[in-house]
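Comments concern the structure below.
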Amino acid sequence: MINEDSIQLDTLLKKYYEHSIEKIVFADDNGKIIAMNDAAKDILSEEDNYSAVANAICHRCEGYTNAYDVQSCKDCFLESMQVQATNFQVFMKTKDQKVMPFTATYQLIDQDRGIHAFTLQNVSSQIEQQEKLHQQHMMRKTISAQENERKRISRELHDSVIQEMLNVDVQLRLLKYQEDTTKLLEDAENIEYIVAKLIDDIRNMSVELRPASLDDLGLEAAFKSYFKQFEENYGIKIIYTSNIKNTRFDSDIETVVYRVVQEAILNALKYADVNEINVGIRQTGRHLVAEVIDAGNGFDPSSKPKGSGLGLYGMNERAELVSGSVNIETKIGEGTNVTLNIPI
C-alpha cells in the first residue's frame with residue numbers, strides 16, 4: 001500500500017512539474033541549472049538549461065524586494081539562508097526582455113548534492129490590481145484632505161474675517177448719523193484699526209494656505225518666515241534646528257512636511273500650554289524626518305482627541321500621500337513628540 005502511494009505521489013509530482021503554470025527550476029550550488037519545466041522556459045532558454053554557465057538565474061534576475069529597496073541585489077537570495085526560508089518577491093527578465101514580478105521560493109531540497117528548487121509564480125496582474133486600488137485609495141484620501149482643508153478655511157473665514165467685516169459694515173452705517181466731529185474721528189480711527197487687522201488676518205491666512213516662499217525658496221526659507229511670524233503673533237519661542245539648508249525636494253513632499261509641522265505646532269499652541277516648541281528637520285540617508293516636540297500637557301492617545309480631531313487625522317492622511325508616516329509619542333503631563341518620516 002505504501003509503495004503504491006509512493007508511486008502515485010511520484011506520478012502526481014511529475015505531472016505537476018510538467019503541466020504547472022508555476023515555473024520550477026532545479027539548480028546546483030554553483031547556480032548551474034540542471035532541470036526546469038516548460039513554464040520556466042519563458043525566462044530561461046534551453047542554452048541556459050544545458051550549458052555549463054554558472055549563475056544563469058542571476059543572469060536573468062533584476063533584483064528582489066528586501067529591506068534595502070524594491071529591487072535590490074544586496075543579500076542575494078541565492079546566498080542568504082534567511083531569505084531562503086521564506087517566500088519573497090523577485091523581478092526576472094523574460095526571454096523577450098520584459099521585467100516581470102514573481103512570488104518566489106529558493107529552497108535546498110537535496111543537501112548531499114547541493115540541489116536547490118527555485119519556483120516562480122507571476123504576480124503581475126495582482127500587483128497591477130493592487131496599484132489601481134492603492135491609487136483609488138490615495139485619491140479618496142486626497143479628496144478627504146482637501147475637503148477638511150476647505151472646512152477649516154470656511155470656519156476661519158466665518159469666525160474672523162466675516163465677523164470683522166460685519167462689524168465694519170455696522171460702524172460705517174452708524175457714521176452717517178454721527179454729528180459729533182470728535183466722536184466721528186474716533187469711530188473712523190476705530191474702523192481704520194479694524195480694517196488694518198482684517199488685512200493682517202487675510203495676509204496670515206494666505207501665508208498659512210500656501211506661503212510663496214515655499215514654492216520659490218523651499219522648506220528652510222518657508223519655515224524661518226513662518227516661525228518668525230508665529231513668535232510675533234503668539235509669543236511662543238520656536239527652537240529650530242535643520243541640516244537641509246537650501247535643499248529642494250519634490251513639491252508634494254515639501255507641502256506635506258510644511259503642513260504636518262504647521263499642524264503639530266498649532267496643536268501645541270492650542271493644547272500644550274508651553275512657552276517654547278522644538279522643531280527639527282533633517283535628511284538622513286534616503287529619508288526626510290521632521291520632529292515637533294513640546295514639554296507641555298500631553299494627552300492620552302487612546303482618548304478622544306480634543307477639538308474636531310481633524311488635526312491628527314489630517315497629519316496621517318497627508319503623510320500617506322507621499323508614502324510617509326506620522327508617529328505621535330505623548331503622555332499626560334510629559335509633553336508630545338510628533339515625528340514625520342518620508343522616504344525620498
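The backbone N, Cα and C atoms fix where each Cβ goes, and this holds for glycine too.
If you check Swiss-Prot, you get these features:
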type	residues	note
BINDING	CYS58, CYS61, CYS73, CYS76	[4Fe-4S] cluster binding site
DOMAIN	152-344	domain 'Histidine kinase'
MOD_RES	HIS158	phosphohistidine
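Annotated features, which come from Swiss-Prot, shown on the structure.
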residue	record	contacts (Cβ under 8 Å, 6+ apart)
CYS58	[4Fe-4S] cluster binding site	GLY31, CYS76, LEU78
CYS61	[4Fe-4S] cluster binding site	CYS73, VAL90, PHE91, MET92, LYS93
HIS158	phosphohistidine	none
What's the number of neighbouring CB atoms sitting within 10 A of the CB on CYS76 ([4Fe-4S] cluster binding site)?
17
Averaged pLDDT score, the domain 'Histidine kinase' (152-344):
86
